[in-house]
Amino acid sequence: MSTDTPTAPTPVTSGPAAPRWTTHRELQAWIEEVVVLTTPDAVHVCEGSEAERAALTDALVGSRTLTRLTAKPDSFLAWSDPTDVARVEDRTFICSVEEKDAGPTNNWMAPDEMKAVLTDLFRGCMTGRTLYVVPFVMGSLDAEHPMFGVELTDSAYVVASMGIMTRSGTEVLDALERTQARYVPCLHSVGMPLADGVEDVPWPSNPTKYIVQFPEERAVWSFGSGYGGNALLGKKCYALRIASAMARDEGWLAEHMLILKLTSPQQETHYIAAAFPSACGKTNLAMLEPTLPGWTVQTLGDDIAWLRFGDDGRLWASNPEAGLFGVAPGTGWDTNPNAMRTIAQGHSLFTNVALTDDGDVWWEGMTDEPPAHLTDWHGESWTPDSDGPSSHPNSRFCTPIAQCPVLAPEYDDPRGVPISAILFGGRRRTTVPLVTEARDWAHGVFMGATLSSETTAASTGQTGVVRRDPMAMLPFIGYDAGDYMGHWLDMGKGADASRLPRVFYVNWFRRAGATGDGPFLWPGFGENGRVLKWVVDRLEGRAAARDTAVGRVPTYGGIDTTGLDIDEETMAAALRVDHDEWARELPRLQEWFDSLGTTLPSTLRQELEVLRSRLVG
Ligand code: PEP
Ligand code: MN
Ligand code: NA
């Protein structure tokens, strides 16, 4: 029980009288079941206290999983096994009862079949380890229906990370017990039992990995990985894959979006949600420092938004997470000073970045000049002359969002905030203009449904390949992709169009040259505030737009470039709608839609025909 001596795990006694870990009947039964299956040496119900965190991190330093950073308070560095560094999309499954409900974009296996496979893998997998019980809630504990989860894991690193990324511990367990509420069971193991004579390693994992969602049962099973989105099950597995299926059934949206609050010099405020694929700058935009005088951005979230209609007919967004799990490389005092200030306060966990000689972290892009000497993420001595980068391209910082100096006070409001605009964006070196406004909701859904981006290191596999990533949700849609697009259209159908968020498509990554091999056309980072200004000017009815084949783009001079060193030709190139480039895009869009099968809404096919006729007449 959470009220017992906190940090001592309870040894598991064999025989029929299982210890009582909780008064929540279903949870007690589930823990008993998992104990029998996985045979841990001990069970520890996490209370989420500072003393518990200190004991856990001490133990992780002892087992060489973590290195204590002497330069930042209560901060640690983990180096993972080099084979366990990113989400594994090819090992991720949506095990719906019927195959068609997983759709063509997900891996599928029948739930019974998958349960059999996993049960074999989980049998005895926690031998020699402690089973941790992490009660957590995604979003506010004060919500009308708090979104509970419980992760059972044999990884203390996961416990420490979940403590940062979610609201968790005794308070949550108390609420669960009081109400006997339902929760999403999230079972996790690194998959490396310590049978007699087996010695532990700093980063235990298993070459066989399964990240499995059961959408009807609302359950997650994850085996073999200790890394981020594979293992911190409240995040991608629950708050996106399982929650998207809940949202379809209940009439809301679970999206891969940052949430920011933008205030103009006239003190107008607008809340904006933005969906970009992993490692395309969501964290940077969420805590942007606009270069334009008088404009401010405050942060509400950097990765996940849950959107529901309010009584006022507007779409309200809240961030279900309590922490940031940001891509480290490229994060620096120039590119994202607020992220640097957030981690400077400590209480953070870093994974696969480099260690400085004075007990701090460093990664590519943190400072212009690399330190003269580092220990790289492989634990090897590193100098600027060394071959590879010091940090893995998908290395991460995990830090409490409450430490962000520009956190909006509304972050904690269980109602969320009313969204004025949704931005979709990807990483495209050609074709896609800096900013385009959708003509209406259906056109906005078409923009999201056809979003494309060059792949990044956030997932294993080749990087730099253009792939369609609908609403930046390709790896996270917990059901059929065509049905998902249909759900987006339905959300707009019942709504008062004047209260729906306006939809925009942005591309910070367009480059010069016919094949996009030249320099970036747009400086990005703090200058992206200029694009946000255009969005607000559109919302406030202050900016004109050019109607083009692909949507509304800024008129000449529409983007405020005051004080920015960019010539007219470059600005025009960043905003250009090139019919030849778009004509080459058409067959790819057709192919993408064809790949989605019969559930693709006819409205989206019609949108494609409208685009085709506008482009080729
Ligand atoms: C992750 O990879 O673990 C993760 C949190 O997600 P993303 O790839 O969206 O950054
Ligand atoms: Mn993400
Ligand atoms: Na990749």
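Placement of Cβ uses the backbone N, Cα and C atoms for every residue, glycine included.
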| Further Mn(2+) ligand in TrEMBL, beside His256, Asp303, within candidate set Lys209, Lys236 | Lys236
| request: According to TrEMBL, Arg87, Tyr227, Gly228, Gly229, Asn394, Ser395, Arg396 bind substrate; identify which of Ser49, Ser189, Ser264, Ser278 is listed for that same site. | output: Ser278
| request: Between any two of Ala279, Cys280, Gly281, Lys282, Thr283, Asn284, Arg396, Arg427, Phe525, Gly526, Glu527, Asn528, the residues recorded as binding GTP, what is the biggest Cα to Cα distance in Å? | output: 24
| query | Under a criterion of Cβ-Cβ distance under 8 Å and sequence separation of at least 6, what residues of the same chain contact Gly281 (GTP binding site)? | reply | Trp508, Gly524
| query | So how many other Cβ atoms are close to Gly228 (substrate binding site), meaning within 10 Å of its Cβ? | reply | 24
| remark: What remains of the recorded positions Ser278, Cys280, Thr283, Asn394, Glu527 once a 10 Å Cα-Cα cut-off to Asp303 (Mn(2+) binding site) is applied is Ser278, Thr283
| query | Expressed to the nearest Å, what is the distance separating Cys280 (active site) and Arg87 (substrate binding site) at their Cα atoms? | reply | 16
| field | Same chain, 6+ residues apart, C-beta under 8 Å of the C-beta of Ser395 (substrate binding site), given in sequence order | value | Val327, Ala328, Pro329, Phe350, Thr351, Asn352, Val353, Trp363, Trp377
| What three-state class does DSSP give Phe525 (GTP binding site)? | helix
| request: Sorry to bug you, but what's the C-alpha spacing from Lys236 (Mn(2+) binding site) to Gly228 (substrate binding site), rounded to the closest Å? | output: 9
